[in-house]
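Per Swiss-Prot, site 'Part of a proton relay during catalysis' is recorded for THR48, TYR111, and the stated evidence type is sequence analysis. Swiss-Prot lists THR49, ILE208 with the feature pyruvate binding site, giving sequence analysis as the kind of evidence. Annotation source Swiss-Prot lists active site, proton donor/acceptor at TYR137, citing sequence analysis. Marked as active site, schiff-base intermediate with substrate by Swiss-Prot on the basis of sequence analysis: LYS166.
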Amino acid sequence: MSNRLISGSTVALVTPFKEDGSVDYEALRRLVRFHREAGTDIILPCGTTGESPTLTNEEEAEIIRTVRDEAGDSMMVAAGAGTNDTRHAVELSRNAEKAGAQAILSVAPYYNKPSQEGYYQHFRHVAESVSVPIIIYNVPGRTASNVSAETILRLAHDFDNVLAVKEASANFEQIMTLIDERPERFSVMTGEDGLMLPFMALGGDGVISVAANQVPKVVKGLIDAMKAGNLEEARAINRKYRKLFRLNFIDSNPVPVKYALSLMGMVEEAYRLPLVPMSDADKATMKAELEQLGLI
């Protein structure tokens, strides 16, 4: 049995806003309690799903403090703290640690399209700036370039606090290389709900999930079933919720999941530009699936 620190079901938490665009801290606390009661293993605010590009440094710090306060010792609090400017990424990481984050999710620099050595040096500076664990976030669909398995493994071997990767490349050759060649302490997490089952079958450690915002017990149940070797149970869960996993990306994340949560009475349907509400047709599709699953 592995003792890896980063594993299980992690929710990539939405950031609830009020109609005036301010952060709804009361709703944020409700969300944390929802996940505490559901048994979520790790809660992760201020990531992509949390609309981090539109949060100020001060808002991010206050969100992390609020989540940590409400979570207590019931689950680990990781936090998104990355950007494409290394100096700013270091600043955000230090701020997150100071605010109470117990791990940092650091996205690969986007837009700049650095070389593999550039990626290495970026994450080296981040890792050396904090004492908490670092989760490298590799998401080529948003960053327009891939952090190679070789670079990720080099970082994992060179820095004791580089403890995980959120791998959202859907490149199974890369995923298998990471799983097969990693240090024992290093976790490989998927960032794609729709790939949880095959990912775990290959030896992955868990998921950093969008769908866990809506169905945390379901996501944890699937991951736990795969860890226990209960393939048929996991397949049944995946079959039932596969459409929801897909509909969460019918529009740009987190627009669909936030709309779903608004129907579930958890948050207001409020975003910060440039994100806008879904089309009426997509809303109807999502609502119908939530009704089908008995979530509303």
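A Cβ is built for glycine as well, from the same backbone N, Cα and C atoms used for every other residue.
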Nearest of the recorded positions (THR48, THR49, TYR111, LYS166, ILE208) to TYR137 (active site, proton donor/acceptor), judged by Cα-Cα distance: LYS166
Residues near ILE208 (pyruvate binding site) in space but at least six apart in sequence (CB under 8 A): THR10, VAL11, ALA12, ILE42, LEU44, GLY47, LEU105, ILE135, LYS166, MET189, THR190, GLY191
Residues near TYR111 (site 'Part of a proton relay during catalysis') in space but at least six apart in sequence (CB under 8 A): ASN84, THR143, ALA144
Cβ neighbour count (within 10 Å, all chains shown) around THR49 (pyruvate binding site): 24
